[in-house]
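Structure first, commentary second.
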Amino acid sequence: MADPWESTMDHAVAIARKAGEVVRDALRGDRMVTTKSSAVDLVTQTDQKVEQLIIQSVKEKFPTHRFIGEESVAAGESCILSDSPTWIIDPIDGTTNFVHAFPFVAVCIGFAVNKQVRVHISTNLLTYGISRGQAGF
């Protein structure tokens, strides 16, 4: 039986690799930092750039899909998980580490349909690996 989410997973892996490259490059340079809800809730221009990169890439391939992005929600967009195909994005998981140039960060992308996670991708920028999988429930 063919995997109904194979093209979605393949796209998520490809865009996670591109996003990981952006984060790795940014680790070598200056990082512009601001705060969100408190002094310890950090966001960088790279967080925002990576989230937009992921969203734009997905919109090109899957124009009807919805998004829940950490930085978009922090900026005031709604956070609604519906039955519609929805991408859930944490562009830099470990922003505090990123701000201090510690490479212990990840790009995390999830994909849910009918409120159930179908695909998840998590990069590991330290070892430059990607874990990918599908929900088992």
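Every residue, even glycine, has its Cβ placed from backbone N, Cα and C.
According to TrEMBL, the Mg(2+) 1 binding site annotation covers Glu70, Ile92. Remark: Ile92 (Mg(2+) 1 binding site) has Val23, Thr44, Thr46, Asp47, Val50, Phe98, Val105, Ala106, Val107 as non-local neighbours, by Cβ distance under 8 Å and separation of at least 6 in sequence.
Annotated Mg(2+) 2 binding site per TrEMBL: Asp90, Asp93, in sequence order. A C-beta separation below 8 Å, combined with a sequence spacing of at least six in one chain, links Asp93 (Mg(2+) 2 binding site) to Val105, Ala106, Val107, Cys108, Ser122.
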